[in-house]
Structures are given as structure tokens and as C-alpha cells.
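Q: Mind looking over this structure? Questions follow.
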Amino acid sequence: MRVVLAGGGTAGHVEPALALADALRRINPDTQVLCLGTKRGLEQRLVPMRGYELAEIPAVPLPRKLTPQLLSVPGRLANAISTAAKHLDRVQADILVGFGGYVATPGYLAARSRRIPIVVHEANPLPGLANRLGARLTPHVFTGHPHTEIRNGRYIGIPLRTRISNLDRLAVGDKARSKFGLRPDLPTLLIFGGSQGAQAINQAAFDSAEDFYQAGIQVLHVVGPKNADGPEDRTRGGVPYVVVPYVDEMELAYAAADIAMCRSGALTCAELTAVGLPAVFVPLAIGNGEQRLNAEPIVQAGGGLMVANSELSRDWIREHLIPLLTDTDRIVAMSEAAARLGRRDADMALAREVIAIARGERPTPEMPIDYSEESGDTR
């Protein structure tokens, strides 16, 4: 089977696509995978690193408002569609799976022009423009959030790397802490802000360094590649404050931590619940509040806290986060609550759907594919 994946720009688009690719290869090692991407997205690094072919197509941002940029969209979009179609023809694609982002729209339209089956995966509660368009071109639409309102949508979860979905935090916790230069006997806070970091989170954490030292809380702080500054004295009284620009093995960062403080993108929320790591969510106030909607079910279930970006401060951390990190029983309860919301099998579930659709065996809503272990998924 020859599969083309269209999803680039951010980790939230790229990582689920690659997790699906891995699952398809586990089912059939002969599956051919081509990823469509842009010149500037994270896919430039992640796709080759994971062993897949990347084909570039022009990025075509769709303006949300009436601006002069709208005049250039038809010509640029036509060029991107033509480029995507050439790649589909070159690999003789059997199916295209889109995950949103700038490359998804040309991918959907190119596949439609070639009568190639289309699958849409929308990770967020509020679907983006590209996937709303894609959902009009196919009945095969799957969502990462149970309450996403999109045409033909069926909840399936967000595909995750097996390093995340198979992670046993307790089993590898001490090894993970040793890797990052952390002690095995102290409560541990993991701070990160997504692939590029988050200035507000970084600053509030740095401002609170003295409070973490005094409370005996060690910190693993992933600041982002452009934000390598941090407390000058990073270990005090034997309490580490480890600052790193980026972590490729994020599963080890999760294993090292008792609690995370982070943004609440759809992929982040899916990973944290899959591994049962409670979090303080600091939603990025963008778009229609997608990040807040991602975190709300976890917070309501008792698996996390949420604070507005504008309200995060040293005082808030001192009042809410530090007492939590020193309350072992509460951390255990929050971890269990988060884990109850996690879905670890979405990669295999979506892979089976893609295979069935490519073969013309799409199940109806009344006769869904059985994703239980009895159906052959024995990971």
C-alpha cells in the first residue's frame, strides 16, 4: 500500500502523522509512506529522522480576514495543488491522510482531483480551516477529541509514538532522572512550552527558582531552542534546576517528572493523559481558545490545574504549584485521573481504518472495526 501523509508545520500536525506511519509499517512493513511538508516546518527535521521520505510543497496560509493577501491565494493554491498532485502521481498513491496545517488543503484538493481516497484527522476540539474543507471532500473523518464538531467526524484519539504510548513511568523513572542529572529522591517538576518554548512560562519559572530550591523541588526546564538562558546558579543546596533547550526523547522527560507545567496543545494533552502525568496547563490564548478546550476535560476530571497565561506568576506558583508538588497523595490521585482519560491505541486504530478505506472496506458507523486485543492488536 502506498500512503501519502499531509500534515506539517508544528509538532501537533507532524507527530500524529509519523505515529500513523509507524503503525502502518508495523501492520505491513512493505507499506510505502510519503510525507508532504513545507520548507520551514518541523517536518524538515522530524520526517527524515524517523526514516520517511519528505516531499516539499508550497505553503499556502489561508487568511482569516479580508486582506490584500487574499488576491494571491488562488494562484498560489493552484501551484501547490499541482505540486501535490505530481507527488501523488509519482508514488501512485492509494490513499491520502491529512492532519491539517498549510500542506493539508493542497493535498486534499490534489487527491480529490485524482479520485484518491481521502482521510481527515482533526486533533483539536475546534477544527481548522484545512480540515473543515477536507471534511467536505470525504466521509472518512476522525477526531482526536470526543466533542469535536466536524462533518462526518468519529472520535478515535490522537496517534502517539509507541515510546510515549508504551511508557511505564514508574519503571524507568530513576533511569530518566539520572539521564537529566536529577536526584531520585526529590519531587520533580517538568516545565516545557512546546517545540519553541514559551516566554511567559519560562519567565515565571525562572522567577520562582529560589522558591523551588527552598521547597526541595528539583526542576527539568525545557526552555526551547531560542531561549537558552536560565538561573545562573542552577543547583543550590543539592537541589538541581536543569535547563535544556530541547528534548528529543520526551518520554524520558515525562518519566522523570511528578508534575508538568506546560501549554495545552492537543498533542501535549494526549501524551500527558496517555502516560498519566498530571499537569498545570497554561493555555496559549490564540484562535478561538483551542488550548483551553483541550485542557478543560483533564482539569474537570481532576488530572490537572489550569491558569491563564496572564495570571501565571511567582505568587501563583508559590500559592498553588509548590504545595501540590509536596503532596504525594494528591499527585497520585491526579495521575490516576489523568490516565483514565488517556488513549494509547489511536495509532493502531487509525491505521486499521486507513487500510480498510484504501481497500474499499470502510466500516459503517453501525459496524466499526474491533480495536480490542482479540482483533490482533497485542502491543
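Please read every residue number as a count from 1 along the shown chain.
Each residue, glycine too, has its Cβ placed from N, Cα and C.
Here the structure is a predicted model, which means the values were calculated and not measured.
Look at Swiss-Prot and you will find T10, A11, G12, N124, R161, S195, Q291 tagged as UDP-N-acetyl-alpha-D-glucosamine binding site, backed by sequence analysis.
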Q: I'd like the number of other C-beta atoms within 10 A of the C-beta of A11 (UDP-N-acetyl-alpha-D-glucosamine binding site), please.
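A: Other Cβ atoms within 10 Å of A11 (UDP-N-acetyl-alpha-D-glucosamine binding site): 19.
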Q: For R161 (UDP-N-acetyl-alpha-D-glucosamine binding site), just count the other CB atoms lying within 10 A of its CB, please.
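A: Step by step: centre on the Cβ of R161 (UDP-N-acetyl-alpha-D-glucosamine binding site), count other Cβ atoms within 10 Å, giving 20.
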Q: Any idea which of the binding-site residues T10, N124, Q291 has the thinnest Cβ neighbourhood at 10 Å?
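A: T10, out of the binding-site residues T10, N124, Q291, has the fewest neighbouring Cβ atoms within 10 Å.
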